[in-house]
Structure formats: C-alpha cells, structure tokens
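Worksheet: the structure to be examined is printed underneath.
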Amino acid sequence: MPKNNNIKKVLVIGSGPIVIGQAAEFDYAGTQACRSLKEEGVTVVLVNSNPATIMTDKDIADMVYIEPLTPDVVKKIILKEKPDSVLPTLGGQAALNIAMELEESGFLAETGTKLIGTTSLTIKKAEDRLEFKNTMEKIGEPCAASVVVTTVPAAVDFAETIGYPVVIRPAYTLGGSGGGIAADKEELIDICTNGLRLSRVGQCLIERCIAGWKEIEYEVMRDGAGNCITVCNMENLDPVGVHTGDSIVVAPSQTLSDKEYQMLRTSALNIITEINITGGCNVQYALKPDSFEYCVIEVNPRVSRSSALASKATGYPIAKVAAKIALGYTLDEIPNAITGKTVASFEPALDYCVVKIPKWPFDKFIMAKRTLTTQMKATGEVMSICTNFEGALMKAVRSLEQNIYSMNYGDYSKDSVEDIREKLHLIDDRRIFVIAEAIRRGITPEEINDITKIDLWFIDKIAILTEMEKRLSEEPLTKELMLEAKRMEFPDRVIAQFSGKTLEEVKKLRKEEYEIHAAFKTVDTCAAEFEAQTPYYYSCFDSENEVDATKTKKKVLVLGSGPIRIGQGIEFDYCSVHATWSMSKSGFETIIVNNNPETVSTDFDIADKLYFEPLTPEDVENIVDLEQPDGAVVQFGGQTAIKLTEALLKMGVPILGTSAENVDAAEDRELFDEILEKCCIPRPAGKTVFTTEEAIVAANQLGYPVLVRPSYVLGGAGMQIAICDDDVREFMEIINRNVQEHPILVDKYLMGKEVEVDAVCDGEDILIPGIMEHIERAGIHSGDSISVYPAQSISNKVQDVIVDYTRKLAKSLNVIGLINIQFIVYNEEVYVIEVNPRSSRTVPYISKVTNIPIVSLASKAVLGEKIADLGYGTGLAKKADYIAIKMPVFSFEKLRGADIGLGPEMKSTGECLGIAKTFNEALYKAFLGAGINLPKHKKMILTVKDADKLEAVSVGRRFKALGYEIYATRSTARVLKENGVDAIPVQKVDGESPTILDLLLGHEIDLVVDTPTQGRDKSRDGFVIRRMSIETGVTCLTSLDTANALLTSLENVADGELSLIDIARI
C-alpha cells in the first residue's frame, strides 16, 4: 500500500516533562518520527511542554507549541492549526490519554480529525483492563486470574477469595504508577486507593500474583496490510514482580528454548493482529519456569521505553518505521536505513548480547525505600553491547557511574553467611552484587535460584565472573588469563586490584607485551549478512576489528552524558547532539561516545560514528587508540564528560574549548577566590574543610546559617543548609559515606534573590542570550526553582553589574564555549555563588525562548570562530517581547519515603515551560504544564516553620481572598488569627480528630503549604505530612515563594483566556 495522500498535516503529541516512568525515550522517538514525517512532505505540528527536548526545536517540526499537555490546550491547537490527523503513539502514556479524551468527547469527530498510528478501539483494548482481559479470553491467550475493580471493597473481596499476595495494576497509567504487590489487606487498601485515584478511568486490575515467573518481552511491528514482524525479544533477569523499567534486561533472551521462543512469538503476533495495532507495540509475558505455561501481562499499543531499548539493541529504527506505517506504507515498502539494501519487513538478527541496567535515584533520596516492585523507581538506564553476556553485564555495571567496576561491590565483610542469605530475600537495586557475594561464600546456585527465582543460567554467569576474580588473585597473570579476563570485559583497574599489580603495570603488560587490544564490531540488524552503511560500533576482545579509522578530515570526539539522573538530565543530551550537528556542518568527522539507549545522541544517524560504550577512561582510550581524534569536546556532556578531561589529556587528546586548568580553577576554592579577588567580584564568605571538626569550626566562624557541600558535583549532590552544629555533623556524615577526593566547602548562606546566566565566549567577546531570575530565594537548588526569562525584578544597575561580572569571569577563566554563572542579589549587591565553564541544564530553555542557538555558537567558538562574526551580536541580547517560565517537575509519588522538602540538593526529574505575552499567563501555563491542578474543594492546609510565620500571614490572606478555607497547625493558626486571617486550628499527626492526616485521607484538601525545618528526620511531623500529601495526590509546596507565585497565577488568569505561541515563528 503506498502512502495515504489524504494525510497532509499531522499533529504529533509529545510526552511532556521527564518523570520516573517516562524519560528521554520519547524525545528520541518523537524526534525520529517528526523527521520521518517531514521526509514524506507532511506538515508537522508538534505539542510538547518540555523545553529540554530536541523535538521541540524549531527545525524538527513545522509548528512547535511548547504548551501544557492538557486536553483543552490540545483542542485549541487543533482548532487553530486544523491538522487532518493526530499521531498519539510517540508521546507515551500522556499522549495516549489525551487522544482518548479527545476521541471519547467527540471532539475529533466534530473537527474531522483522524487518529493515525492507532485507533481509539485499539487503545481501549490494550489500556482498559476489562477490555484487555476480554480480548485475551476471546483469542484464547492466558492471563493471570484477575478481576477489574472500580472500588476498594471489590478489590478486597477478590483478594480474599484467591488469597494474598495480589498485584494491583491501574488502567491508563505510566511506569506502573499507583500499582504494586500487596501481601495483606492493609497493603491492598493502601495501594488500591492510590491506584484508583491515579487511573484516568478510576479502574484497577487485581490479579493473582505470579511473582517469580520469568518476564519476557516482545517488540513487534505491524502495518495496515496485516504484515507483522518481531523486532526483538528481551528477557528480564529479574523475575515477574519487578517493573520492567526497574529490571536488568537482556536482549535477545538467553534462557528460552526454541519451542518457548516460538510459542511466545506466535502469541505476540496473534495479539497484535487481534488488537489491530498499526506501528510498534510491546507485549509482556510471564513464563513459568520448567513448563510451557505462560500469561500475558500487558500490551503497550505505542512506542515505549522497551522500544527505545529494542531500537538501540538491534539498530532497527522503530519510531521512524512506525511513523511511515501511520502514513499508510507497508513494511516491505520502507527501506532499512542501516543496511541500505534490506527493507523493514526483515526481522533483525543479533550476533551479540545486550544488557540494560536501570539508573536509580537512591543516591539523591537516601531515605527512599529501595525495594523494587511493580511501580517503577529508576530515572534512566544504561545499555551495553558485547559478544557474550558476562562482558555485556560488566560493561553495563561500570556505565552506571557509581564507582562500580566489577561484581565485587558493597562492603559485606561484617556479614555472616546467614546475613548474606537474608539479603538474597531483599529485592532491591543491590541484588546482583549480593548474589555474587553469596557465590563467593559458597551458597549454591540452586539455593540462590530457590530464593531469588532468578534463572540458574544468569547465576552461573555471575559465578563465572566471581571465579575469574579468584583466578586473578591466585594465578600468575599470563597472556591466556589476561585475554580470558578481557573477553569478560574486566577493566585493567579491576585486574590490577585482584592481581596485586598497579594499573600502569597491567596496562603496559596488556598493550605492549601481550598485545591485547579492543576490537570494534558493527551493529547492523542482520548478524553481518549484509554490510552496514551506518557506523554504529561496540567493543570486544575476541574478534577482528570492523571499523574503518582512515582519516579523510579532522576528527572530533564528543563525549555524551550517560544515563538520565536527577541533576544531569536530557538537557545535556540536547547539548551533545547540537554540538555534534554543528561540528559536522563545520566539516569535522564527529564521533559520539555514549551508553544511554533512550537518547537522541545514540541514534544511528546523528554523528559520523557512534560508539556505544561506557564513559570510563579505559573504554574511551580504546576508541582514542583506534580513531586518533584531533580533539575532544567535554563541555556539553555534563559532569560525566568533564570528569574524563584529565584522562583524555594523558592520552594526548587536546581538549577543545575551555582548558582543563580553567575548569579546575572554577571548582578549586582557593584558585577561584584569587580570580574573584583580581576581578573585584564579591562572593559569600566561605572555607574549605576535610573533617567534621573543621566544618564545625568553619561554620561557627562564618556564623549560621551555612551551606555545606562537596566540590565537583552536579545537581547540588550532598548539599545542605545547616543552622546548628548538629546539622553540620549529620550532613558531613552523609557526604562522607562516599569517598571524597576533593575538599568539602562551607559557605555563608545569604537569603537573596538568585539570578542565572548562560553565556558564550570566544576568549574575547561574550554573548548572553538573557538573564534568568529564580522565583524561590537562594537556598533552593537552581534546578528545582521556577526560572523566569527575562528577569522581572532586577534593576538596570544590577543587570549591568551581572553583564560586567560575566565578561570579567569568562575572560579570567579564558572560557572558549559555554559558561553558566549563578549570582545572588542581596540588598542591590551582586555576589557570585557558582561558576561552571560548561553547558548547563538551562541551555535548551534559554536557546528556545531567545531564538539564539547557543550550543551551535559555542561549538563554532570552540573550533576557533569569533562570536562577533556569527550574526547574533555580542554582550547582552535584546529582551524578547514575551515571558518564558521554566517550572520544575518532580516524581515524588514514585519514591515512597523520600522527603519532598526542597533545599540546595536537586530533586526534580524534569521541567515544563509556560510562555506568554504576560508574566501572569506564563506562570499559569507553567503551573498547568506541571500538573498542578487547582482548585476542587477550595480547602488548604498551612503549616510553616517559625522563621516563616509572619510571612505566611500575607499568603493566608491572599488564599482567603480567593475563597479558600484554611486549616493550620495551632502555632501557625494563632499567628494568622492575631493578624486578622481566619484559620481552623488542627493537630498535626496525633491528637484529637480531625488531624492534618485525617483531612488528607478524606480527599477534601486541594493544597498543602508546609515549609520544612532542616534535617532528614523521617519521624518529624512535617515529613509525615509532606509524604502523605504526595501519597494522596495533593499538591504540596515547601517554599512560600512558590506559594506566592501560585497565588499570582490563580488571581489573574482564567483557563479560557490562554493564548498559543508557535516558537518556530518567534
């Protein structure tokens, strides 16, 4: 079937801000699909509220709306742009849910707009738990015994009939939101209440728990003519019971017999045909070990996290092909871009093994429960490729950037064999390392399998790795032993650790005496049956090299930013991709190194060459030895890339742009203080310390409050405000849980207004696209603050000082490329608090809203061009004639036990944008995009720390004027009443009813404003109240500045008045 020529203008719905369960994979899929549609001459209209994405760049779609992802806003866009079709399958659950609301309300029919890529019936059959169950029964596909419920008592009745444990799966939710495994009635009531609240249709599936069965996934494609293929099948190392996004996943499956593989493949093709899917689809199965019994767990009728993994694992561009199918093409009409010779109807074949390991945020949320269940907790993931499973696992583990280089991780020296046996029962992020320790202690693979239900094949492979550790410790390091260890991807540093040699000795022995070098193989979709046209490589130690490293033009190495995590998100991938594109245009051969399967940077056609490798010195050196690049770019890949600077210089690779010494000078307290003194720039007083005692002395000399933080970190990791000696002791203990190579900084904390700039510098001139102002006062991490462009409340004098200081600092640090500076404005004085001579998380946002492509300009500066010649002027750019507000988005509901109080350590996972002609409308849009929906009941809770009580009076007065009923803790209520604001006093957690907890559990409250005292004590009432508000779905604000901003937007804007701005036309 050729293309459907009636499709001329398509609205693509994006996935919105990054939250746990919905990360960069949808930017990758959406970008690929928009490019695929434009290739076919289709006009593409895009709506997505996330400014950090590549897909919201003005040249990816024809019209780009960075607007809140709500049904009402999408309706407005359809009425304005009049697309003939809507493609909702590339924006994850958010896009599917909006499409269903527009279809069910009759809006799409009224406007003559068609859904393409899927139908509402297809979405319903896959997403509605009752429809799905009925469809599976109709075609004879087995599901676990289950019932669909819309009330908690119905769930309890079913569970008591079939017995606990049971699994709760809400309909139309993402990343297992609201789901879980309940071991008893109390847990069931808790999980099911939450699940029904989060489900778009108030529906949950309660099913018999089959935890312990193998979890298998099939990624399938089907076209409109009914042709189907399986792109990839994947096996979760973790059995059923852990969300697939939190599981270690292996592709292709390793433990299935051919009969099992074919049985599930046939089932997947039957299901996709019955549900009538056109495009990509993911089917998840539970397979009972040692039998042919299986159950269908669920079907995702859209591009998903698993499709991104399958795409990168096989080289098959699922999103691109899905977009072509949506236009009417059949699989045999779509060429395979990797081989250039085959078509999309050829099933990929793999002659290597791929391992994905999730990246969890437990280093940021040390109080959060680490237990893994059916509700996802990972923020990102890493992928590795090798010719064997052991090698792929070892590569994936070191890609996580947690100082883990082998299976020998974690201190178990104080644990007895019995303790280790107990730890095997814990299902958390450390389980594979506990398995390795259990093997070392002589616990049999059979017993480990019995406890964990992880397949013996995987346990045996981990045993092979622990056996190699033993051999390296006990045997002489012969060439044969070294080669065997390298084939399992043991890094030189681990071989050195076990063999008692130094790293340099091992490296010299391997490279010079034994001549053992990494070889690179191609990912080609067809197990080398046809030659690949696109250069996409992975390393191994047991084969011929397949890379053509001949030099035709200058080569530049672009280092990516690794897995998505809090503090280092999709923004840095955005910067890496734009730097790569810019350098390619400047005539360089570009080489990307990265290991994140969700991102645009690891797509096969972004750079001239892609190396899917861990970002460690040894792995990068293997590439450098082969490619001999003329230079490397580290300033676009976040802290991951910056940390490789020293290693690259040792390899003889020049760092393009700002030199390593100047990056160090910005991080080194003493060197940086000298620069500030020379430039006559003030900063808050501070000291460097190494021990807790030194920190307490420094804090007392500076005077409380102080800021305590490690140096060389991203996202404010480990940063806290201390108000007394006990706080300093607690924070130092937490910081020192990780070995600190650098001193710890103690700074005087100033309660001023925080202002931020990103600038481009060529060594002489600077260009500042705009000045951004934070709504929250200093002390809340810039990534968690609401950011406003252009700054609204700074004077011209302060603005001039900021530009002057930026120019002086950029010149003193000899910045070539990007620099990010954070200032505090306190009593009209400007202080510098932080300087980062690299890209920052605000770069995509400021680029889009000012229409100044600063990554591209910085890349040109890095290559020697002058800013004055690039057509955007120098100094501070002219202000835009609209306001853009970047709003942080959090994923607290997925992390039970995490404190949501904001402070200097970053906690947000994503962001959205509000853009409008007026400040009030932009602010309202930003809150709307972040999912802060108010009001339903017009009832709120106000409880603030003593220091905030007087300021809380005006907040209470404004809420009262909006018609809110205020409940307040006794001390807060007393201050409000004394100042003429009526409030109902209530107890916090204990005491006479109704307490604050009772009010929250009664689902009558719209909003909680609770400003926390310092510290991480989980037993404090404030902590309990903040957690309960998140778990009952109530918006909770922990800063009065945020509360005032919300009030401003509520006082000034009604929903019907929202305007739309196409940023491609700015």
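Heads up, the Cβ atoms here are built off N, Cα and C, so glycines get one too.
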Residue among E764, E828, E829, E834 sharing the ATP 2 site, where Swiss-Prot lists R709, K748, L750, E754, G779, I780, H781, S782, Q822 as binders: E834
DSSP three-state assignment for R709 (ATP 2 binding site): strand
N300 (Mn(2+) 2 binding site) and R709 (ATP 2 binding site), distance between Cα atoms, whole Å: 43
For the binding-site residues V242, L750, the one whose C-beta sees the most other C-beta atoms within 10 angstroms: V242
Entries of R129, V242, Q284, L750, G779, Q822 which, being binding-site residues, have CA atoms within 10 angstroms of E834 (Mn(2+) 3 binding site): Q822
Recorded ATP 2 site residues R709, K748, L750, E754, G779, I780, H781, S782, Q822, E834, farthest C-alpha pair in Å: 18
Integer Cα-Cα distance in angstrom, N300 (Mn(2+) 2 binding site) to Q284 (ATP 1 binding site): 9
Pairwise CA distance, E215 (ATP 1 binding site) versus E298 (Mg(2+) 1 binding site), rounded so that it is a whole Å: 11
Helix-strand-coil residue split for the region 'Allosteric domain' (932-1066), DSSP-based: 61 helix, 21 strand, 53 coil
Neighbours of R129 (ATP 1 binding site) among the binding-site residues E298, L750, G779, H781, Q822, N836 (Cα to Cα, within 10 Å): E298
